[in-house]
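J.: Attaching a single structure in structure tokens format; questions to follow.
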């Protein structure tokens, strides 16, 4: 197993004497090498917490995360992260943003430039190398962020609702782009989203999480052949999966809505 | 609007090329990647001027700004020329101008301005050089914040004016005392503002640095400080304006040279024209430094400016 989540739970202390919040119940998860896992759930279900714990950006209250058999102690370059918010550094051009991690690692300039150029091509940003982030659309910014994460060649790629702020059409294209890169290059990926269709289309396995306390409710393989074309979204097999997951998620959403 | 459809970030308009580039990585058939052109179409509708946030042209802006200056100048001129105000209280614009020209001619004005600019530069640079690192530290580390922030907040509310007698006692009436007053007046404000600039750095920037494997020290220098730099520059620009006030204050009370000193001396001889001329000159100097700082900001941090 590439990545193992062992009895990981997270309790946030109560605010001003309030009840502590059990954001994540003890959770177990095994991720095989080059698996693409989508995690879907209503807001507040702890899916981002789980991802942040795997990334090392948050600490579990109990349990541990193992990467290649070694426990994770904190964030590191072996787990690349793409955030939902736009995290391109505004003072760096597209190319320099992608090269940022490589430069800090001390990679020689020539090698750096080769890697950056190859990822610029992979995310379709040729011609935009010297643009500032503010000159890019949201979709282009996130493509750059994906390229930046991949350029560091992490063992695992973690994406926290990376396309959540994009409009539907752009989001569809981004899904195809990411899936295409994964199909060609293979990578272990965990992808958090609240969009069922996105979760099914992009993932090889979909985890449905329930809210308050957050836990994994369903773990379902997606047996749709690769390479997947966007037209698969209208196939009967896809629709069946979507219907099932929508049902499961609806229960959770109703649950979560009633608790507020 | 075409832009808001394709753009997740409302502050960053899509360049016209964006729509056409598409994604070469995968099949585009029917995906609608090319249907994002036409940016800016329909954006040119007339809007009422008094709509909140309504835009006006650059030329209009400058024209209005200049007109206000001219108008106030005319009111001033009318008030003096008509004899409504006595010259001893308010001399005419012409009298002020000729006095300034005279003082410039005999070198007094330049000497006064030179020493004042020297004092403000030294005082302000010392304050800034101390405030930036301390502000960054307390913005990043809660321990430093606990140690320093409440203290700074406390001192900040002590009136600078009240320190003048004390500083004279400590440092006499030499330049050191002027530096001290400027420092007291700006340093404590700057520290808190720089702290705020640093705290505004998006937490995900820091998280990102960590996931890229950067040590904390590098995250501090390469990400936090770098990201806060435009804000810190703005802090400097604003606090420089205050520094002028404290400089003049220090020179008014105890000095043997400088713009403030000349104002005090002129009061003794009822040279109202010099007083007003120097006050206007101080305003002008402030305006110039502010514009220079703003221009530098555009050069240094052009990447961060919002697109029009």
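Glycine too: its Cβ is placed from the backbone N, Cα and C atoms.
Curation does not apply to TrEMBL; its annotations are automatic.
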J.: Please identify the range among B:94-113, B:154-173 that TrEMBL labels transmembrane segment.
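T.: Of the candidate stretches, TrEMBL labels B:154-173 as transmembrane segment.
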J.: Is the number of Cβ-Cβ pairs under 8 Å between the transmembrane segment (B:154-173) and the transmembrane segment (B:56-79) three or more, considering only pairs separated by 6 or more positions?
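T.: No, these stretches are not in contact.
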J.: Against the transmembrane segment (B:242-263), which of these stretches has the most C-beta pairs under 8 Å: B:117-142, B:179-198, B:275-293?
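T.: Maximum Cβ contact count belongs to B:179-198.
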